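Visitor: For reference, the structure I am asking about is given below.
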Protein chains: 2
Amino acid sequence: MFDFTNHTNIRAPRGNRLHCKGWGQEGALRMLMNNLDPEVGERPDDLIVYGGRGRAARSWEAYDAIVRTLLELENDETLLVQSGKPVAVFRTTKAAPRVLIANANLVPQWATWEDFNRLEEMGLTMFGQMTAGSWIYIGSQGVIQGTFETLAALGRKHFQNHTLRGRLYVSAGLGGMGGAQPLAAKMLEAVALLAEVDPARIEKRLATGYLDRVSPTVEQGVQEALRAKEAGEVVSIAVPVHATELLQYLVDHQITPDVLSDQTAAHDPLVGYIPDGYDVRSAALLRAADPAEYLKRARASIARHVQLMLTLTRRGARSFDYGNNIRRVAYEAGVQDAFEIDGYVPAYIRDLFAQGKGPFRWAVLSGKPEEIYKLDRLALEMFRENEALCRWIELAGKHIQFQGLPARIAYMGYGEREAFGVRVNEMVARGELSAPVVFGRDHHDTGSVASPFRETEAMRDGSDAIGDWPILNALLNVASGAHWVSFHHGGGTGIGYSLHAGMVVVADGSADSTGRLERVLHNDSGLGVVRHADAGYELAVQTLQKNPVKTPLLGPETQPRRK
Amino acid sequence: MFDFTNHTNIRAPRGNRLHCKGWGQEGALRMLMNNLDPEVGERPDDLIVYGGRGRAARSWEAYDAIVRTLLELENDETLLVQSGKPVAVFRTTKAAPRVLIANANLVPQWATWEDFNRLEEMGLTMFGQMTAGSWIYIGSQGVIQGTFETLAALGRKHFQNHTLRGRLYVSAGLGGMGGAQPLAAKMLEAVALLAEVDPARIEKRLATGYLDRVSPTVEQGVQEALRAKEAGEVVSIAVPVHATELLQYLVDHQITPDVLSDQTAAHDPLVGYIPDGYDVRSAALLRAADPAEYLKRARASIARHVQLMLTLTRRGARSFDYGNNIRRVAYEAGVQDAFEIDGYVPAYIRDLFAQGKGPFRWAVLSGKPEEIYKLDRLALEMFRENEALCRWIELAGKHIQFQGLPARIAYMGYGEREAFGVRVNEMVARGELSAPVVFGRDHHDTGSVASPFRETEAMRDGSDAIGDWPILNALLNVASGAHWVSFHHGGGTGIGYSLHAGMVVVADGSADSTGRLERVLHNDSGLGVVRHADAGYELAVQTLQKNPVKTPLLGPETQPRRK
Ligand SMILES: NC(=O)c1ccc[n+]([C@@H]2O[C@H](COP(=O)([O-])OP(=O)(O)OC[C@H]3O[C@@H](n4cnc5c(N)ncnc54)[C@H](O)[C@@H]3O)[C@@H](O)[C@H]2O)c1
Ligand SMILES: NC(=O)c1ccc[n+]([C@@H]2O[C@H](COP(=O)([O-])OP(=O)(O)OC[C@H]3O[C@@H](n4cnc5c(N)ncnc54)[C@H](O)[C@@H]3O)[C@@H](O)[C@H]2O)c1
């Protein structure tokens, strides 16, 4: 008998033995546990998965109740989770989702960190981030392709090169997501130099192969990086210091990185950012003793951080905000020109979104790495003509160590996702895979998020702040039969700054799964293309011409032909 | 052939001829049209249904496209509507909703009237109010029972009486919702005196039987009201003046009403409130010419309005904010003690919500008033032991004129709704009703809204601003198979102040409808009870003891017994 009651070293069951009454429930159970696997989550003892305080459940009591409920949940029942707490089970239908999740949603006038902190303190809410509270985090791999695609697009745009060979990438933060930076930079053949105040995080990236080495001081780290750049070497180096310490050194010594970014969890200044002059431990003491003072210092430090980034930008560094809202936090702390730094979505990712491409992923419940490699081969075979995808799959197979349940991320687009999902489901049915496969995605995707300083920054029609699309996305995924669907506020850019939805479907080899995969993967990504076509992106209109959706108010060329 | 293309004098088709491919679509089509029937909506020429600028569709072009799409929509397709504009049709399942609607949702930091107005101006959004953009408005009847229940509870609490006989009720605003006040007061045997600046609205209430008479001046109106009160008469009187003019007169003449409220659309100062010194026409000119100046004057006027209400309250009037957010708007304009005025939900309605009771309603697609009376008799028979409900149904049958499709509102509770819905569906199946019946409710209901100055004001556990519940409600209603589901921001208390969901199910006599009605009406109201039990309301816990829901983290006494 598998023991589901422990709270340390949580590890999801592997293989095709069912503990729940159906694979929808079992998938949710295993992915929840996988989020808290110490190989995967950042601080599982505190239920924190990644991204500042992105949690999987509100409390251990809530976690236990979710686990118990999933183990007993019938195939026509649906569990409701309110900010990480299971609040009710209702009878729905066999075709409906098994779990519906709403995390950190607040009435807009109260959507501030101050109110959120107060309500969290009262035990009434939880920060779900994007994939933490929605149970589809897959470790640092989850963001790595996004980072890779961003840096690749940057290379093409600014250096007319498909790699970053001979370029110096400087950034900070080696947390759950930030930890992907050194590896993504390496896959693009750059030299990466990263500041991280928490030595334990550096250790974790070294252990999981995301980082090559650590230098004890800034001076030494910078020298090594410059030597490597000179020598045309490809290497990633961390320095165990505050971001501003590294940047100040570069400014003082007239060293300008080619590419500059940041991945501290600046979106959540109270929990995700360590102020100047503090280490992890002293910061924790100040945070507990005087949160207001902590916030003041963290915001001042973020302001200084962005000032330094601006100085380096003006000296020629190609800089971008990589989705942690650091520009806005600095702007609110008085840095009026913070938005001179590019947002990565309009600068590098929008074209992918317009085609329905985004961080799609799958995990094999068998636990067998070779089944991921088998699926890699399937993808290479099915999408032979998609060069970028094939290049990615090959690089990923070579560079990425698995964390927890073996998984793969791939920016598949509209049309590709459902084709792939359905084929994989057939393989499960035929026993070519030894257990079901889970398909999901980040909330950071084409049609699932409204976030004016990130995914919807500078939309062509000015619709950045329109929040209807993620809501429609969540409702449509429920109607289409995803196994679990989530809707969050907050996430990557923090409280007040984004609304987003997630979905997961389990391919268990059944005809029921085929239907769900066809509908959900098609509709989910299709809505993203429609959202971009509606906003006036030509690439989206073209995508709809190839693979039409009925769009009552767009041009006739995007409409399915009548039979 | 029915003509669906006209834009004036819109009137939904009646009877059992299907124009769409299924009754889910047909119900949505007819209820959309019914919202814009001049008998029903307030300003149908501008697509405005009620509540300031609560619209049914974003533009006439969008309206036409919705109508066309509904006429063609297949029984396994789902139409998505983004702030009143139809954006896509996707294939879902037969059991899924036919329409999914998201209106006026904004990323919270941009959830201000300023940003909303800018985005509306750009053609990117629309204010959906609660039942306007979700196509289940039924005229002034939709709010009348709420007003009745509020006044009845007030009478019991403050006057130890089950009527308001011999009491003077003073208020303002005779719009779509406000127009219910004189009739509700009359049903409770009070004398009602109401200020309304727009003579056309007074005309409409007289014509529909919601109002008894109009007096040309404040002085005359007040004298008539006082005489009626003296004489123990039951009458409602409107005066065609600004609210502050009436209140100032009362203050100056030392006349204190027994009960005092307001139903101008103060939640939307730019569109819903006429500033002091303006009439409808001069206000429209100022609004067009200088919206900022308009807002300044409207807010100043609202501040004065609430000051006058406070003066009368301190002299002994029982006053309450009836859900138009007038206290908050005044507070922001400097009236620091605005919240001395009670909110009607915590003061009078919370107990109903805790039992899953709220503004449930049905409309007969036959168009035959006698079928509503038949359903009145069914309700009286089924719920014989529910005295309050029977009293209401009898009063409603006596006093309420139908507008548009004949409809009935009744605060049914958890358990009652689905029992009633299923019985009605059987009657449709047996031909005892000549056409299908539509069941829906206001967004203003037990488990469907988060609104800290209205439905969730002063929750026992402090969870007023928690926004997860309406999201879960919308997702659950989709999973349960409502025919259309909506999610709105704004609504009754305005942009920034509320999130809420709606659902409608069509009873067409089929087994499919039976299943939908059982699940949706049960789960929707059940979630409201759970939400209140979770917040610590004993009445909700007791309700769950009678009719259990699996609630993983509530006490065992609320759990269904194991078989
Ligand atoms: N672009 C994307 O696709 C994307 C995806 C996910 C997350 N994000 C955002 O990226 C940020 C990082 O996410 P994460 O999951 O890695 O967060 P995390 O909380 O797991 O890690 C943050 C890291 O930053 C370090 N740090 C904090 N302050 C520092 C400072 N002043 N100097 C140096 N290091 C410091 C912390 O020690 C920690 O290791 C978040 O804001 C998140 O919302 C972006
Ligand atoms: N408690 C509830 O259940 C509930 C339900 C629905 C709506 N509401 C709220 O009630 C308010 C009224 O809703 P509605 O649908 O009747 O709105 P509406 O826009 O249809 O009508 C508002 C009326 O107020 C009048 N008015 C505006 N300014 C005035 C002034 N200064 N003096 C006198 N009259 C003035 C207008 O001429 C109009 O007739 C809104 O704020 C709405 O959100 C409450």
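For all residues, glycine too, the Cβ spot is worked out from N, Cα and C.
Sharing the features that TrEMBL gives for it:
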{"type": "BINDING", "residues": "A:51-52, A:Q129, A:176-178, A:E196, A:R201, A:263-267, A:273-274, A:Y322, A:G492", "note": "NAD(+) binding site"}
{"type": "DOMAIN", "residues": "A:10-136", "note": "domain 'Urocanase N-terminal'"}
{"type": "DOMAIN", "residues": "A:139-348", "note": "domain 'Urocanase Rossmann-like'"}
{"type": "DOMAIN", "residues": "A:351-545", "note": "domain 'Urocanase C-terminal'"}
Visitor: For A:H267 (NAD(+) binding site), which residues of its chain lie six or more apart in sequence with Cβ-Cβ distance below 8 Å?
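Guide: Residues satisfying the criterion: A:G51, A:G52, A:N324, A:N325, A:I326, A:V329, A:G492, A:T493, A:G494, A:Y497.
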Visitor: At a 10 Å cut-off from the C-beta of A:E196 (NAD(+) binding site), count the other C-beta atoms across all protein chains.
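Guide: If we count other Cβ atoms within 10 Å of A:E196 (NAD(+) binding site), we arrive at 28.
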Visitor: Looking only at DSSP and grouping its letters into three states, which state does A:T264 (NAD(+) binding site) belong to?
Guide: coil
Visitor: Hey, does DSSP put A:E196 (NAD(+) binding site) in a helix, a strand, or just coil?
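Guide: Note: A:E196 (NAD(+) binding site) is coil by DSSP, not helix or strand.
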Visitor: What average pLDDT is reported by the model for the domain 'Urocanase C-terminal' (A:351-545)?
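Guide: Across the domain 'Urocanase C-terminal' (A:351-545), the average pLDDT comes out at 97.
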Visitor: With DSSP as the reference, give the number of residues of the domain 'Urocanase N-terminal' (A:10-136) in helix, strand and coil.
Guide: 41 helix, 25 strand, 61 coil
Visitor: Near A:T264 (NAD(+) binding site), which residues of its chain come within a Cβ-Cβ distance under 8 Å, counting only those 6 or more away in sequence?
Guide: A:A172, A:G173, A:G175, A:G178, A:A243, A:G272, A:Y273, A:I274, A:H305, A:N324, A:I326
